[in-house]
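> This is the structure I want to talk about, given as structure tokens.
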């Protein structure tokens, strides 16, 4: 750890005790974090959410962005009355807007809870089951791969090398008869 040095009563040179340098696990001293070239970590659970741009990663640009013109269209030559068209547009837009709000008010929190639990389980399984299983499999497969490699080099390589030498002398001539 970085820090100053001090001399004790007997004249021995020591570094500053770790406890005086700040928390050894998570430095809360900004100068210490700067000295150690650590970047500041922000908690993902306390960040502010953007109430204007609610899809900053554009997950739903091509899927759910449905307007009146995307669903209902009258081709040239088959037009309804202008008043009907305007009323249909307003009805579609307002109904979609308020029904979405109603559904999100009723089911939004329970669905967020369900998806939160689901992704917590998936994350837990990935961290505590999948990755350790893959690592242990890779460790175990190394032993098998060494035995397999010895088997291949001992038995199969000479066999296929012999086959190669036998079949290397075969010549095929093709002639076209008229």
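Each residue, glycine too, has its Cβ placed from N, Cα and C.
Copied straight from Swiss-Prot:
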type	residues	note
MOD_RES	2	N-acetylserine
MOD_RES	2	phosphoserine
REGION	2-94	region 'Required for homooligomerization'
TOPO_DOM	2-104	topological domain 'Cytoplasmic'
MOD_RES	5	N6-acetyllysine
CROSSLNK	5	ubiquitin cross-link
MOD_RES	6	phosphotyrosine
MOD_RES	9	phosphoserine
MOD_RES	14	phosphotyrosine
MOD_RES	25	phosphotyrosine
CROSSLNK	26	ubiquitin cross-link
CROSSLNK	30	ubiquitin cross-link
CROSSLNK	39	ubiquitin cross-link
CROSSLNK	47	ubiquitin cross-link
CROSSLNK	57	ubiquitin cross-link
REGION	82-94	region 'Interaction with CAVIN3'
INTRAMEM	105-125	intramembrane segment
TOPO_DOM	126-178	topological domain 'Cytoplasmic'
REGION	131-142	region 'Interacts with SPRY1, SPRY2, SPRY3 and SPRY4'
LIPID	143	S-palmitoyl cysteine
REGION	149-160	region 'Interacts with SPRY1, SPRY2, and SPRY4'
LIPID	156	S-palmitoyl cysteine
REGION	167-178	region 'Interacts with SPRY1, SPRY2, SPRY3 and SPRY4'
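Please go over these features one by one and say how buried each is and what sits next to it.
For the topological domain 'Cytoplasmic' (2-104), the model's average pLDDT works out to 73.
Residues near residue 57 (ubiquitin cross-link) in space but far in sequence (CB under 8 A, at least 6 apart, same chain): none are found.
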> Using DSSP, how many residues in the topological domain 'Cytoplasmic' (126-178) fall into helix, strand and coil?
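So the counts come to 42 helix, 0 strand, 11 coil.
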> Are there any residues in the same chain, six or more apart in sequence, whose C-beta is under 8 angstroms from the C-beta of residue 156 (S-palmitoyl cysteine), and if so which?
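Long-range Cβ contacts: none.
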> Name the secondary structure element type, per DSSP in three states, that contains residue 57 (ubiquitin cross-link).
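DSSP assigns residue 57 (ubiquitin cross-link) to coil.
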